[in-house]
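According to TrEMBL:
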DOMAIN    20-110  domain 'Ig-like'
DOMAIN    118-208  domain 'Ig-like'
DOMAIN    218-313  domain 'Ig-like'
DOMAIN    319-418  domain 'Ig-like'
DOMAIN    433-507  domain 'Ig-like'
DOMAIN    519-614  domain 'Ig-like'
DOMAIN    626-716  domain 'Ig-like'
DOMAIN    731-831  domain 'Ig-like'
Amino acid sequence: MAGTAESEAKFAVECATEMPKFLEGLQELSVQEAETAQLSVTVVGKPEPEVAWFKDGVPVNIDNEHVLSRKDEKGHYTLILKDAGFEDIGTYSCKASNQFGTAETQAKFAVLSELVPPSFTEKIGELEVPEHEKAELSCIVVGKPEPQVKWMKDGVEVHIDNTQIFQKSDETGRQTLIINEVNKTDFGTYTCVATNQAGTAETVGQLNFPKYSSEKVPEEVTKPFFIEPLETHSVQEGETVVLECRVNEESKPEIQWYLDDKPIQPSEHLLVEKLESGTLKLTIQNASKEDVGTYRCEAINMSGKAATAAKLNFATGAEEVVEDESALLGFIEPLTDVAAQEGTTAELLCAISTARGDIQIHWYKDGAELLPQQAIMERLEDGTIKLKIDKVTAEDVGTYRCSASIGDAFAWTEGKLTVSGKAKEIIEGEGPPEFIELLKSCTVTETAEAVLRCKLEQTDRMKMEFCDDGTIVLTVKDARKEDSGEYRCDASNDHGAAWTTAPLKVATEEELPAGGEAPDFTEPVRPVTVTVGETAVLEGKVVGEPKPEIRWYCGENMVKENARITMESLPDGTQKLIFKNATIEDTDEYRCVASNEFGDVWSDATLKVQVPVTVEEEGAIELAAPTFLKTLQDTSVNESEQVVLECKIVGEPMPEVKWFKDKQEIKADDAHFKKETLPDGIARLTIDSATKADAGEFRCEAQNSSGTARAEAQLNVLYAFEAPVESEISPEFVQELQPVQATEGQQIAFECSDLLILIFLIFRVAGVPVPKVKWFRDGEEVVPSEHVRVESFPDGTNRLTVDSVSVEDQGNYRCEATNNAGSMSSKAPLTVNALEVLKLKKGLEDKTVQVGTKLSLYVEVEGQPKVVKWFRGKDEIKSNRRIKIEQVAQEYSLEVEKAEKSDEGPYRVVLSTETETVESSCTVTVTEGQVTPTFKKGLQDQSVPKGS
């Protein structure tokens, strides 16, 4: 028996371990304010260490907006600070830890910027507010870094309780102290103190109780203003100097003099006089250096107050006396109180005594200077100063001051603006008056009778006292030369006003021209209301012999054509002023003037451009004023033939349609006329068998709550023997080509089929025989193809259609019509804008976060997506209190403030324009607390040959 032998041994495999070690540590870094800073380290260790960032010993908040953290597979870790500011200054440290140890590196980070001490670009000034009303003390301070502000009253810091007293500021540096309901204890001296690292500044102002705030102002009390302002003077030690100004005597104001804003008390040294002529004198006897400064004289009564100021300088005996240019400064017309209705435009006017260009003008409201974006400020050559406030609201109510200064002298005037409630809503059958026949220019000889006549449109709710049909007549008997001039007829009711004007000329027999006709508006220019971006057309019709010269005016300024504003004068006398892509600034009063050697006539109308009105509720719709997509066309038919007058209207809500013949409404029970309004907006008037009596002017009027639009056309009815004899007529364009703009791949306003874009260049051409038509692009004839179609229709309309337009299709297009009698061409450009392409610069990345921590996902996209949607799985994610969806520049982000286990799963963001979509996806994992380490690959059993 050989026996048994046994041997044992232990075999162990040791994993390599390494405590964290920084191969590349933090370095001190300085950047300019608002730059992006990157703090980087490289760390190794086994197992891979966990890295944390600290600032001044406190963990850094990685918000993925201002502060971001990045890492890669090679152990590079980076902390990114966007738009670095002073709050980011400090000592930053990076700690790397695993179970075998911890390593740390730190360095200082600085933000460099020029230190600018605080300074006030706008001071508080003086403010008068009655008890129980709201007061706002305002100023503007600038400095770097942004100053800290506190408010003081009579040397004691103001307690901001956010109930009665509020404090607010904005990005421009404007600081405002708001007192909700002023009481007696609130009156006094207020100081705004601004402090930063570079220094401190302050501005002082007064909150006063108005002397006349509770007294009724008698109508006969005139507001004070200075006819002759104070002048700058120089005085030597021991001299006597007289400061003198003159106020309008009839205002009978109380007078107060100031030196550097401190009231002057009369004494033997300072003598105050008030003369009957309104002259005011301040005599300074035995002057000294203490008397030098800015002197101000204020005049106040129950209607308002005014002031003038100038400097008194100290001079040595050798100083040369210089003529004072400020002596011309003063208000010859003060501000007056203005009352306006909410939503309308308010204008405050005053005038200074000189139009010198170096006079500085400033406007203030309740003591705070107005900024250019708050109102329109104008200064005319004649010295008139104007402040225009569009769409006034209750917030615009207050005391307005216009201040004029030159050198060391200044003067100011004040007026109040009050705003009443909005006008009553217009109901059906009610509205402002409208003239359907305007005054016409009239020329008569001396001693003859002149008759001016106009006519107002009648409604059931509007009755005229002068005559039953609304006609108004003014008769001038035994006319004389001095009767010549402009005559105006005004009409008004509770909803508004209208007027018409015309000239009357009284001349001798020798002065009267012969063989012609003065201009006359057969169709007045009517008011138009459109929405921003739409095309607005002001239109009227003029007759006269010889053909009148036409001019359009906006206010006192002649309208000039440009790329957006054009004028048309048609052969039938129709005059058009066309605004493409109308803007709010186009809203105004416009006048069309027609002139020839026999006289002048004009027609006024208002163009109103409004912002689209929307209601942000479920099922809400956007309101839109009526617009004619297709207008009425002049028509000629033979007697007994059928007549169809047709147009197409859009508007929201769908407009109510009315038809008129020769300005008289066609009644619903008139069987001779058949009226239809179809759901697609087609409005149609049909006459089955036309008679001579049907000839005349037809008008279609569309009206809804947002406005009114009209289209008109002439109907001619001919006897059989009146049919025209055909003869050769050279081609003539009834409708010229119009410029077309389109976007590559985008549908425009003509026709479309299967998402193909159809760009139509359409015109109508007349001629006998029927002309032959050719199309050209940039001088080369256009050949029809699958991409390009050419069509001609029996009514003379010719059409060029370009399918699926591209940038290569743009150019100058010309249509040429030719027959035996001649040829004619019309041209217009086609502009094609290239589509903007979306490009994903940085996509979503997989994320792992712990329950209760912030989850941040973001993408960077080049381009302008119109729709951005986030999804988790198939469910769209919406913003709420816990989830925030934002866009900053080209970065689109989703944040979950405190992640929950249910937030786990696949995420996707979809960004799209009308023609293109890009998307990015990732997976989010949410863990519960610290995760226990696990081996991705464990030890495996092994077999090896014996002895190896």
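Cβ atoms are placed via backbone N, Cα and C, with glycine included.
Taken together, the residues of the domain 'Ig-like' (433-507) have an average pLDDT of 71.
Against the domain 'Ig-like' (626-716), stretch 519-614 has more CB pairs under 8 A than any other of 20-110, 118-208, 218-313, 519-614. Helix, strand and coil counts from DSSP across the domain 'Ig-like' (626-716) read 3 helix, 56 strand, 32 coil.
DSSP states for the domain 'Ig-like' (519-614), grouped as helix (H, G, I), strand (E, B) and coil, give 3 helix, 60 strand, 33 coil.
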